[in-house]
Amino acid sequence: MAFFIGEHLPAPGSALSFDLLDRAVQDSYNMISVHISNINYRSKVEAIIEEARSQGSTRVYIPGLEVEDVNMHPDELVASGKVIGVTSQWIELDSLDPLVASASRQVLHHEIGYAGFCGLATLLIDGPKTAQQNMAGYCQSIVQGLAINAYLTINIMLPAFGPSLAPKQGEVDDPSQDSDRVPPDVLYDELTSWDIWNTIRTSARYTSRLGLGLQIEYSLPRTHTLKRWKYLHYHIINLPPPPPLDSFGAGYQDYLQSPLQPLADNLESMTYEVFEKDPVKYAQYEKAVFLALQDLNQQGIEDICVAVVGAGRGPLVTRCLRAATNASIDITMFAIEKNPNAYTHLMKMNRDVWGGAVTLVKTDMRKWEPPNTYVHILVSELLGSFADNELSPECLDGVQRVLHPTVGINIPQSYTAHYTPIMAPKIHGDLLSRATSSNSVDIYEVPYVVMLTAIDFLSQNNNGEPNIHQAWEFKHPVPENELEHDCGFNDHNQREAIAAFPIPRRGVIHGIAGYFECILYENANGTAIVELSTRPDTIDAKSKDMISWFAIYFPLRTPMPVPDDSEAQVSFWRHTDGRKVCSPMTVSSQKSPGDYARKRVPVAVSEICSSKKNGCLM
């Protein structure tokens with residue numbers, strides 16, 4: 001993590017010079033910030049406003065900047081990238097006085113235009129003076145300002161501590177004169193700054209050219225407030241070295257990727273290689289196979305047959321052979337793979353590594369017919385980020401007929417999908433930018449695999465851990481009567497789920513984060529169990545440091561604001577028509593009015609977001 005420290009030239013009359021920048025560099029600063037205009041321009045503007053007010057005018061014209069009004073000029077110093085412009089801090093874009101608001105807007109736009117002309121890349125603009133004035137006017141000024149120059153990034157300066165935005169003593173009437181007045185400590189809380197920022201960025205459609213500059217005061221807000229600002233959370237904790245998943249995913253934070261369709265597509269070698277970099281997952285698989293072999297051996301099963309279906313480049317085959325060696329049990333080993341290119345690599349592995357100990361079969365696992373034998377242990381790695389979203393149930397149904405009917409073991413034996421609502425403004429902004437260029441696929445009706453980083457879990461327990469609910473479960477092998485009555489429509493693999501998530505503090509639901517848990521193997525008496533998990537609250541206990549899967553993200557087309565002490569209800573379905581599988585979902589928000597805790601008043605509801613058009617092909 002790198003910090004960039006700048007020196008601010010606080011006096012509006014401090015003109016930019018090479019001497020100032022050289023001194024800042026010698027003092028180890030990375031940059032300097034300087035006011036665009038000076039006190040001379042302020043005096044001009046204030047005189048114009050007073051003259052208009054004395055004449056009873058409701059409109060005012062503010063002329064542009066002149067040479068004596070500015071602190072910088074277009075030169076190589078400004079173009080160095082080490083200068084940040086600061087707009088006038090005396091203007092009031094959110095003023096309720098139309099003269100002041102209009103003049104302030106014109107001053108801001110003149111300064112933005114001049115900053116862009118000079119070649120500045122970044123501007124700092126003060127946020128609203130309070131949270132209870134003309135927010136719409138402020139937002140309009142910022143949105144118009146963004147349109148003036150397409151290359152400038154604007155950072156809104158706000159205090160990290162929301163109550164500091166409350167009017168100071170003397171700025172409001174005596175509360176004792178108005179019995180209906182709401183006390184400032186009720187109107188202004190720790191999330192007030194976030195409320196303002198959320199309003200501004202929403203008005204600007206989450207553009208990446210609008211940023212936030214947080215002003216840190218002597219006392220930091222509580223942890224749950226800092227989590228809203230995410231990166232500022234680093235100030236109040238001692239960071240250990242990044243976990244393996246963070247190191248592995250460097251550069252992929254909040255980057256949206258489409259889930260794999262391994263049934264429909266043949267994966268590239270590089271994709272397989274990424275999966276194979278996870279030692280934790282394969283160690284867990286090896287442990288599961290070892291336990292299964294021991295249990296079968298104790299039951300007196302001889303001539304044990306193990307098959308890896310969807311073998312890829314062979315990492316699971318290697319682990320199965322190693323487990324058999326460690327258990328001192330001879331096995332018959334099959335590797336099934338439909339990808340002709342991966343099959344060629346399997347042939348090389350069998351020749352150079354496995355010593356010809358593996359029978360290779362190039363076919364879709366659902367069409368495989370083993371020669372005169374049942375499989376005792378059927379091993380697969382077909383799980384997606386939402387457990388079943390890469391069609392593990394459908395694949396394993398198709399190959400179940402080869403499994404021994406009484407002692408056959410699936411690895412994994414079961415898996416569950418889990419979900420929770422999250423706030424993900426960076427991801428939503430990315431989707432908005434993609435929406436303007438995407439003509440074919442509805443980007444809001446497609447789930448994404450993503451390393452979730454700049455997010456906030458809106459539903460948390462008292463320990464600050466996310467509330468994550470299970471959606472559904474799949475177990476293997478499937479009872480034969482379920483398969484017999486399916487009639488080829490895959491109805492037995494349909495699922496539905498609904499869960500309520502308490503939202504203690506207000507926010508915005510941008511989408512749903514999905515995870516999975518998996519039991520690779522549990523013996524009959526429950527004394528040994530091998531598991532995998534991607535849930536942030538259970539991964540350390542079940543498969544610490546596993547890196548094979550990122551979370552899945554189901555976006556909402558329209559972000560849903562949720563109030564304090566409300567409840568979000570999320571409904572999921574797993575639909576299939578026998579040809580493809582999709583997972584539609586919908587979100588609603590409700591709140592209890594006043595003291596009526598049992599009553600729920602609807603606040604908002606989303607459309608049903610469906611990926612049917614882009615479902616996973618069977």
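The backbone N, Cα and C atoms fix where each Cβ goes, and this holds for glycine too.
Keep in mind the model is a prediction, meaning the values are calculated, not measured.
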For this session: Write down the one residue from E337, E390, E445 that TrEMBL lists together with Y272, K281, Y282, D364, M365 as binding S-adenosyl-L-methionine.
Result: E337
Exercise. How big is the S-adenosyl-L-methionine site in terms of the longest C-alpha to C-alpha distance among Y272, K281, Y282, E337, D364, M365, in angstrom?
Worked result: 24
Exercise. Distance between Y282 (S-adenosyl-L-methionine binding site) and F275 (site 'Critical for specifying symmetric addition of methyl groups') at the Cα atoms, whole Å?
Worked result: 10
Problem set entry | Overall pLDDT for the domain 'PRMT5 TIM barrel' (29-230), taken as the rounded mean | 83
For this session: Compare the C-alpha of F275 (site 'Critical for specifying symmetric addition of methyl groups') with the C-alpha of each of the recorded positions K281, E337, M365, E390, and give the closest one.
Result: K281
Exercise. How many Å lie between the Cα of D364 (S-adenosyl-L-methionine binding site) and the Cα of E381 (active site, proton donor/acceptor)?
Worked result: 15
Seminar exercise, completed: Most isolated by CB count within 10 A, of the recorded positions E337, D364, E381, E390, is D364
Seminar exercise, completed: Rounding to whole Å, the Cα atoms of Y272 (S-adenosyl-L-methionine binding site) and E381 (active site, proton donor/acceptor) are apart by 12
Exercise. Which of the three DSSP-derived classes (helix, strand, coil) applies to K281 (S-adenosyl-L-methionine binding site)?
Worked result: helix
For this session: Would you mind reading off the Cα separation of E390 (active site, proton donor/acceptor) from E381 (active site, proton donor/acceptor), to the nearest angstrom?
Result: 10
